[in-house]
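The region 'Methylthioribulose-1-phosphate dehydratase' annotation in TrEMBL covers 1-243. Here TrEMBL flags 32-235 as domain 'Class II aldolase/adducin N-terminal'. Marked as substrate 1 binding site by TrEMBL: 115. Taken from TrEMBL, the feature Zn(2+) binding site covers 133, 135, 208. Residues annotated as active site, proton donor/acceptor in TrEMBL: 158. What TrEMBL records for 275-514 is region 'Enolase-phosphatase E1'. Residues or ranges marked as Mg(2+) binding site in TrEMBL: 278, 280, 473. According to TrEMBL, the feature substrate 2 binding site maps to 413, 414, 447.
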């Protein structure tokens, strides 16, 4: 049997926990807690038919979370009849330290949860304190609403506030991975989803269920209840002919513009197609971005980092920048300078960060590390009324018209989703987010790559990419979207760069022409 890392257990430094610790109060309490929760989850329909599972780390203040022991429910048993002695105790690396004794017929031989590899992967990647795997029917049905979509999206619902890092106005995005015949085969796709969606605390498995994690068992349980509530709400809104993914949850329209129900609700996107809009040079003058937003971020980066240095959000920004800068240094990118370790002192770290950010802004880098930090700086500017977003005068009227026709409108920009929401939520025409169905940024891919537009067309739930109209001012983006099968219109606005001769795209000078 592999040993756990040498850690302090009840004041004794061991390579493996003592039998006394395994039989101690902390482990016993966690065993009891899991059996109690499984009875509750059974009554909610989350773990019926022996399905579903739960795992919780044994909390001990003297042990860092990555080294804490793991208690996990068994597989193939009636979850509502489990007792504390039925639980498995594992080391942080997944080695079994304690397992239940066999029970007489008709009980099966004991077996640790089939979800074990997925639980361990989640602990490793997110430093979670607990993970819940639910088979709740709501979590299955929402993956079927748009069979081709790789995401579930919902916004403007109060219970979104119960999901870590989200508020009422935010769009909650939950990745969906495809089911497999055996649970352990999901491990790789789960890991890819966790990596691709750094803000998520859950991953849906199509036609199967959901994995939800939290910093503690309370946090995981609270979020699980909120996710299931939101899934149930989305299903019921669809049954009522209402769109759960838009801010005002207005009616779903069919091809003729009449409220649909039943089978015709599947035509919601095809009704008036789906429109995806670029921002800079399309909805918003390039000058606003280059002469207002970028300088504001450049001039305030040091102030922002200094004021928020200890916050989890800024530490996440710094870690992302560290990774990007190291990659830039390895590739010999001009302007990249090493960032000292935290031990060098806050001021030295910030000075290096500022130098790198200034170089990135000057080079107009379209990278997530920069865009995420800029969004947080701009948020302060909008909150203090130092910034007010500018959009072309034809934009509000067009958004309102498309919305009234049942056309879903999305934004795809190299700026972060936060920055996008700030721009459309703080214009001189008021808050325009009520007309928008969602936001895409570089986490879906680079705007000049074909795959990015394939991902978007799959995410918005259309039957084929040609049902998506993409509007941009950048020729290379137009080419990538066209290659992915989208319909494309190029925006001609004051200050935009020239297009190649014989570019072959339709062009508009105003959204009123669309």
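The backbone N, Cα and C atoms fix where each Cβ goes, glycine too.
Locations of recorded TrEMBL features on the structure.
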residue : record                             : CB count, 10 Å
115     : substrate 1 binding site           : 25
133     : Zn(2+) binding site                : 29
135     : Zn(2+) binding site                : 20
158     : active site, proton donor/acceptor : 11
278     : Mg(2+) binding site                : 23
280     : Mg(2+) binding site                : 23
413     : substrate 2 binding site           : 25
414     : substrate 2 binding site           : 23
447     : substrate 2 binding site           : 21
473     : Mg(2+) binding site                : 22
Give me the long-range Cβ neighbours of residue 208 (Zn(2+) binding site): same chain, 6+ apart, Cβ under 8 Å, in sequence order.
135, 140, 143, 179
Of 133, 280, 473, which is closest to residue 413 (substrate 2 binding site) if I measure between C-alpha atoms? They're all binding-site residues.
280
Applying the rule Cβ within 8 Å of the centroid of the Cβ atoms of 278, 280, 473, what extra residues of the same chain belong around the Mg(2+) site?
279, 281, 282, 283, 284, 286, 413, 472, 474, 477, 491, 496
Give the maximum pairwise CA distance in Å, whole number, for the residues 413, 414, 447 listed as binding substrate 2.
8
To the nearest whole angstrom, what is the C-alpha distance linking residue 158 (active site, proton donor/acceptor) and residue 280 (Mg(2+) binding site)?
32
Nearest to residue 133 (Zn(2+) binding site) by Cα distance: which of the binding-site residues 115, 278, 280, 447, 473 is it?
115
What other residues of the same chain, not counting 133, 135, 208, have a CB atom within 8 A of the CB centroid of the Zn(2+) site?
51, 52, 134, 136, 139, 205, 209, 210, 211
Between the Cα atoms of residue 280 (Mg(2+) binding site) and residue 414 (substrate 2 binding site), find the distance and write it as a whole number of Å.
9
As a whole number of Å, the Cα atom of residue 447 (substrate 2 binding site) is distant from the Cα atom of the residue listed as 'substrate 1 binding site' by 36
